[in-house]
Amino acid sequence: MVFLALGIEGSANKIGVGIVNGDGEILANPRRTHIAPPGSGFLPKETADHHRAHILDLISEALSQAQVTLSNISLICYTKGPGMALPLSVGALVARTLSQLYNIPIIGVNHCVGHIEMGRLVTKAENPTILYVSGGNSQVIAYNESRYRIFGETLDIAVGNCLDRFARIINISNDPAPGYNIEQLAKQGKNLIELPYVVKGMDVSFSGMLTFIESIAKNHSQEDLCFSLQETAFAMLVETAERAMAHCNSNEVLIVGGVGCNLRLQEMVKDMLKDRNGKLHAMDDRYCIDNGAMIAYTGMLQYQHGDRMELIDCTFTQRFRTDEVLVTWRS
Amino acid sequence: MDLTLISQGAEGKIYTCTFLGKKSIKKERISRSYRQKSLDTKLRERRLIQESRNLVKIRKEGVPVPGLYFVDTITCSLYMEFITPSISLKNFFIQNPSIPQSLLSDFANQIGKSVALMHNVQCIHGDLTTSNMLLKPQVSLATEILNDFSPADYLVNPCMVYFIDFGLSYGSSTPEDMAVDLHVLEKAISSAHPQLEKIFIEILAAYKIHKRKADSVLTKLEQVRMRGRKRLAFG
Ligand SMILES: Nc1ncnc2c1ncn2[C@@H]1O[C@H](COP(=O)(O)OP(=O)(O)O)[C@@H](O)[C@H]1O
Ligand SMILES: [Mg+2]
């Protein structure tokens, strides 16, 4: 009988269900996105409502795409954290219920580790320096002694959060995603506006840049603002990634997380790597963006290496650092 | 000039060269194609100036740093003393699996004291990692010995800890900036050398002895750490 893991991800504004087999093949990976109206961010309650409305359909959809039934599933995986509490609770609740109803073992997964493992699976990167850039996260990570160690991170807000809030300030649409719209507008930008550039060792800070942009926004075109924000914020990220690479003697970079879809960011990392004879492993949109398969796959790795969870431990948590997870499946 | 590339770090190329007849280090901040030209120029120039200014300032305080020979603003290059033989603290830790506690304490004391001396004159290093500290044997040794100094030789010869790479350094008198400087070091140790995490406690102890008004910095450090733990990271 083939091993089949079903994963549920719902830590932010996307709800996804993925099914992965024991060889790491992705059999299904549907998702839905909650899109907030322009000028506002996604709120916990509305997002949780959205997830609740879609999760059962998504599970049926995933099962039928994979041509299996719940009784074929060997393991239920869900995102334990980090993320927004209410949306997380939806995934955790459904996972626990399925586990009880069908008597299937259950595993909680760290969302960030999920992104990393999915990235390694899809790109076949062995031991890359990881640039993790998303709505809630900006970290430079490398594996060392059984943990994904955080070498650098944002000291205040995440780069994705910076982009989202900037989009709200200058009223850019959230559909399909604020970051995507910024990327398109930035292509027409020509003048680089000088913005605060804050790099401290391998750490970065974006809040000063956002406050500054807010104060000058009315004097510039949307295009130039988008262009300048991207060029400056991404240069900071690329620089810290390179610092971490030099520090770890690493020669490859894996970009994960939603902001990793940004082609300009990918291009900048590629340029940086060209000077170092390094290699970029970029994810395509299907896996960069939060999805269920990454949770299923990572949960399966944990399970196959002896990780077990009792129902009582199947909680969720807003704060769950990447380096808290003992990585038993790599050595 | 007889340039030999010895390292390509995050910011630039490090060469050995001969400067006025003396074996020296040339650190060139090369232009990086991934960032916009105007930003690139600004960063390289700013960091060149910061590094040279603070190298000089810190040396006066008695912190072991390479002597500065020459600043070339056209190519954004610094010429400085070649610390040799030397090994970065990072490579020393990686290549010597077991290091006697007494030696670790000695290095911790030196590091804590040097950071305190920098902070006492309002200089924030900005990039305190074990890559940016070099061990150099204190004793004058015969040239034959110096030429093939192995990582293990640093275990048995008393060493000085030199500080390099002041490109991200800046002037500040706030406990917050000093605390962040220490926190960068703390994280650099715990992420790259998790088994040596405890050395940071000794570094702080030495820092406390030599830093004026150390208490306000250490209180801030606690807050900076809490911020890190509380920070939401998701998505
Ligand atoms: N003065 C010096 N003497 C000996 N080696 C040096 C000196 N300066 C730099 N190096 C070597 O070059 C490496 C990178 O130098 P650094 O100044 O840290 O540049 P980067 O900004 O690229 O990290 C160091 O880790 C060290 O091995
Ligand atoms: Mg350095």
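Glycine is treated like the rest: Cβ placed from N, Cα and C.
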Next item on the list: According to TrEMBL, A:Y132, A:V133, A:S134, A:G135, A:G136, A:G179, A:E183, A:N262 bind substrate; identify which of A:D164, A:D271, A:D275 is listed for that same site.
Entry: A:D164
Notebook entry, point to check: Out of A:D285, A:D290, A:D307, A:D313, which does TrEMBL tie to the same divalent metal cation site as A:H111, A:H115, A:Y132?
Noted result: A:D290
Item checked: Those binding-site residues of A:H111, A:H115, A:D290 having Cα within 10 angstroms of A:G136 (substrate binding site) -> none
Check: About how far apart, in whole Å, are the alpha carbons (Cα) of A:S134 (substrate binding site) and A:H115 (divalent metal cation binding site)?
Finding: 10
Notebook entry, point to check: Roughly how many Å separate the Cα of A:Y132 (divalent metal cation binding site) from that of A:N262 (substrate binding site), to the nearest whole number?
Noted result: 13
Check: Could you state the CA-to-CA distance between A:H115 (divalent metal cation binding site) and A:N262 (substrate binding site) to the nearest Å?
Finding: 16
Notebook entry, point to check: Of A:H115, A:S134, A:N262, A:D290, listed here as binding-site residues, which sit with their C-beta under 8 angstroms from a C-beta of chain B?
Noted result: A:S134, A:D290
Check: Going along the chain, which residues six or more apart from A:H111 (divalent metal cation binding site) have their CB under 8 A from its CB?
Finding: A:E9, A:S11, A:T79, A:K80, A:G81, A:P82, A:G83, A:D290, A:I295, A:F320
